Amino acid sequence: MLRDALAAATERLSDASDTPRLDAELLMGRALGEERGTMLLRGLDRAAPAGFAPLVARRAAREPVAYILGEREFWGLDLRVTPDVLIPRPDSETLIEAAVERCRGALGPARVLDLGTGSGALLLAALSVWPGARGLGIDRSSAALAIAADNARRLGLLPRARFERRDWADGVPGAFDLVLCNPPYVEEGAPLAPDVRDWEPHGALFAGADGLNAYRLLAPQIAGWLAADGVACVEVGAGQADAAAALFEAAGLAASRRSDLAGVERCLVLSRR
């Protein structure tokens, strides 16, 4: 029965996940070909499918649920994800919230730039908020760009989204009303859960001995990417807001902060002085 299989899987995953029951239910839904909510509504007194056990084994080996399912929701958008891209997290929605607040009462940004776009999560979220906006997502990874473009196509946003393989250090042509960036900010050698350390792309995670290398690269360039009244929303790691803000302020930018739902200063909102 599903009920028994879910209970056994929850127990098995208790050491591999902080949310073992949720993980088990999501994997069972995939094995059944049903949404989790539909599965629960239909009841658990049904035979468990043979495909459930292999999925649980993958999660027990610390493969992230998002990679097993091949998808993750962000800002209400269903995005395809693979180990070629960082898994979008709710913390990063703070950047979109900050941008929406900053642009409240205005027409919204016409041109959006997403630095290190990965799955395209930030850019596509922004384009879903502002139907009149067009955006450019850049990344060093061709595999990531292919995923971002596929997500844009599936969401019907591809006509307004463009993706290019480019390195920040090479600069970005044009001026943008909104710049979004979730850069690498983990310190080299920092202890990470196996789900992250062994599966997510290290190039999207690590940024030098103090985790600030990406901010050092961005700080002198962002002003040149902003339109006259443009704003940049940049994610920072827990405890990094002071140091990162100092780098941007030293480059002549005004920096304010926005906290995530956990109260962690998660986003720097940058503009020209």
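Each residue, glycine too, has its Cβ placed from N, Cα and C.
Given the structure is predicted, the values throughout are model-derived calculations rather than measurements.
According to TrEMBL, the protein carries these features:
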DOMAIN    4-70  domain 'Release factor glutamine methyltransferase N-terminal'
DOMAIN    111-182  domain 'Methyltransferase'
BINDING   Gly116, Thr117, Gly118, Ser119, Gly120, Asp139, Trp168, Asn182  S-adenosyl-L-methionine binding site
BINDING   Asn182, Pro183, Pro184, Tyr185  substrate binding site
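Positions of the features from TrEMBL, shown on the structure.
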{"residue": "Gly116", "record": "S-adenosyl-L-methionine binding site", "Cβ contacts under 8 Å, 6 or more apart": "Ile138, Asp139, Arg140, Trp168, Cys181, Asn182, Pro183, Pro184, Ala204"}
{"residue": "Thr117", "record": "S-adenosyl-L-methionine binding site", "Cβ contacts under 8 Å, 6 or more apart": "Leu123, Gly137, Ile138, Asp139, Ala144, Leu145, Ala148, Phe163"}
{"residue": "Gly118", "record": "S-adenosyl-L-methionine binding site", "Cβ contacts under 8 Å, 6 or more apart": "Val85, Leu86, Pro88, Asp139, Ser141, Ala144, Ile147, Ala148, Asn182, Ala204"}
{"residue": "Ser119", "record": "S-adenosyl-L-methionine binding site", "Cβ contacts under 8 Å, 6 or more apart": "Arg72, Phe74, Leu79, Arg80, Val81, Val85, Leu86, Pro88, Ala144, Ile147, Ala148, Asn151"}
{"residue": "Gly120", "record": "S-adenosyl-L-methionine binding site", "Cβ contacts under 8 Å, 6 or more apart": "Leu79, Asp114, Gly137, Ile147, Ala148, Ala149, Asn151, Ala152, Ala161, Phe163"}
{"residue": "Tyr185", "record": "substrate binding site", "Cβ contacts under 8 Å, 6 or more apart": "Ala207, Gly211, Leu212, Ala214, Tyr215, Glu235, Val236, Gly237, Gln240, Ala244"}
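The residues near the substrate site, meaning same-chain residues not in Asn182, Pro183, Pro184, Tyr185 whose C-beta sits within 8 angstroms of the mean position of the site's C-beta atoms, are Gly116, Cys181, Val186, Ala204, Leu205, Ala207, Ala214, Glu235, Gly237, in sequence order. For the domain 'Methyltransferase' (111-182), the DSSP-based tally of helix, strand and coil residues reads 28 helix, 22 strand, 22 coil. Of all the Cβ atoms in the protein chains shown, 19 others lie within 10 Å of the Cβ of Trp168 (S-adenosyl-L-methionine binding site). When Cβ atoms from all protein chains are considered, those within 10 Å of Pro183 (substrate binding site) total 21, not counting its own. The Cβ of Pro184 (substrate binding site) has 19 other Cβ atoms within 10 Å, all protein chains considered. Helix, strand and coil counts under DSSP for the domain 'Release factor glutamine methyltransferase N-terminal' (4-70) come to 46 helix, 0 strand, 21 coil.
Within 10 Å of the C-beta of Asn182 (S-adenosyl-L-methionine binding site) there are 27 other C-beta atoms, taking all protein chains into account.
Taken over all pairs of the listed S-adenosyl-L-methionine-binding residues (Gly116, Thr117, Gly118, Ser119, Gly120, Asp139, Trp168, Asn182), the Cα spread reaches a maximum of 17 Å, rounded to the nearest whole number.
The number of other CB atoms found within 10 A of the CB of Asp139 (S-adenosyl-L-methionine binding site), across every protein chain shown, is 28.
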